[in-house]
Amino acid sequence: MPHGPLHFFEGDGMLHSLKLSGGQATHCSRYVKTYKYMLEKEAGLPIFPNILSGFYSLPDVLAFVMAVGRVLCGQINLTRGFGLANTSLALFSSKLLALCESDLPYVIRMTQEGDIETQGRWDFDRKLFASMTAHPKVDEDTKETFAFQCNPSFFPYVTYFYFNEDGVKQRDVPLLSINQPTPIHDFAITKRFAIFPETQLVVEPANVVLGRGMPVVCEQKKVPRIGILPRYAESDSNTRWFPVPGFNAMHVTNAWENGEDEVVLVAPNVLSIANVFHKIEKVHFSLENLTINTRTGKVSRKILSERSLELGSINPSYIGKKNRYAYLGIAEKVPKMSGLAKIDLEKECEVSRRLYGPGCFGGEPLFVPRKANDVKSDEDEDDGFVVSYVHDENSGRSNFTVMDAKSPNLDIVAKVKLPRRVPYGFHGLFKSLRTTISKFIDHPPLDPSLDPHQVFAGNFAPVDELEPTNCEVVEGELPRCLNAVYLRNGPKPQYIPNGPLHSLKLSGGQATYCSRHVKTYKYMLEKEAGFPIFPNMLSGLYIYSWASLFLWRVMCGHINLMRGFGIANCSLAFFSHNLLVLGESDLMRAGAWF
């Protein structure tokens, strides 16, 4: 990845949906209308600095200063968020949320036709004030949702909390034992514990001011560790930390308890973690099984596969308890997945794999139970499908691929030809139509991107929004039991990246695709302006005038940061009947579903 003007992680969230119903598929693509996206769309140029691309020169620093000036002048209102909503999605309290760690979630609404609409940021009825992880964990047995907030800029850097089965947020538990500004992206739960992997990554704010490069660096002398605290902790006093040299986990596959004294954690270990933000193509992964004896403090490690595996998925009924099977992308050309592997966690080996073919790459493989929440025995754990968007770089076409999770070779059940390509992205969500569709509201697609400095090529390049479009099943037949919507979040650089959602509605053997932006404060502000407004922190600050104008707008009150600055581009989650679009830099965005 080149230094600036844009880092892949900082793309604006675009949702790509595929509605499956009656054997037909309808595809749709829409931006997440974040505050950042709307502000920069209105301005017609990038406004927010790109942090992850680094600060390597005086112009980079001056651009950041300009952005601060806009905040101080009121042109940018950080209370409205600055996130991208480009990471994942979640269903929570009847709301579909687009998530990104830098902001509150953005609420997303799905229509009967499979279209996507952003309804705005959601602060859980004023219970959440800054941001939330893009990877909340739902206990299917208790219906509780567990989450945390990571803010490497201020102490305490990590705050843990959970929501009861009624969706009511419980008390915050600041993790005071995390004494360095470490970005934590994912965590795990078991029946008694919450588990946090702390890596060698730390945030160095001085790098921004002094032009020393990336604000997120790898501290070579730091020893990674695993933190375990009671699941219903009221304070950090009972948190225990276990050093695990050389183990840097960005994502967690699952965790469970083995008797009274042992906790098992399965996660991909990021090798050469120093390359994550600026040489991601050189990153490799090692899937490991860690057994932590909480009585003796001993940590045992076992490598489960020689392949580079990442972005794991399991049967959601087994989150937090012992499971046998996991499905992970083969990350030989990060962030592109050349196939997927099925891992038997009991036998500690790979039992099957599916390669997409020369020049074909997918993303996160998502396991879909044949019958949701209907696991009668452990033999039913892998009774379902694995789905993913797959792009053919030879033809420039994308398809939605459905594979039989139980078959020895992960046999392809169906392929749905999409009306246009779906760029590489992050995390997705697959939910039944009964829980996801709300009544129809028609919205035209947005104007095409005006960004003249787009540096991404191939299937990293952005696409425009797409209204619901019927798709052709070109191989096999969609299983009639798949009446659901598959959504995937991901960064889509417009002026600079906001979160678009891509949905695929499956119903009656048909598929309908749709892509829409999450309507964050940033997105709406930039949409109204017609150009980017928020500077892009992860790509560096290369344009002095851009950053200076950003700061001036904030200081003048033109941008209200209290309304959020997230881009809702990370992930999605279903929480307390709400579908949440998550981004770690802001509150969640929620959408009404039924």
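The backbone N, Cα and C atoms fix where each Cβ goes, and this holds for glycine too.
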Name the one residue among HIS185, HIS278, HIS284, HIS391 that TrEMBL lists for the same Fe cation site as HIS135, HIS251, HIS427.
HIS185
In the three-state scheme derived from DSSP, which category covers HIS135 (Fe cation binding site)?
coil
Are there any residues at least 6 positions away along the chain from HIS135 (Fe cation binding site) with a Cβ closer than 8 Å to its Cβ? List them or say none.
SER88, HIS185, ASP186, PHE187, HIS251, VAL252, HIS427, SER571, ALA573, LEU582
Among HIS185, HIS251, HIS427, the binding-site residues in question, whose Cβ has the most other Cβ atoms within 10 Å in this structure?
HIS427
Determine, from DSSP, whether HIS251 (Fe cation binding site) sits in helix, strand or coil.
coil
Given the Fe cation site HIS135, HIS185, HIS251, HIS427, its other Cβ neighbours within 8 Å of the Cβ centroid, in chain order, are THR87, SER88, THR133, ALA134, ASP186, MET250, VAL252, PHE426, CYS570, SER571
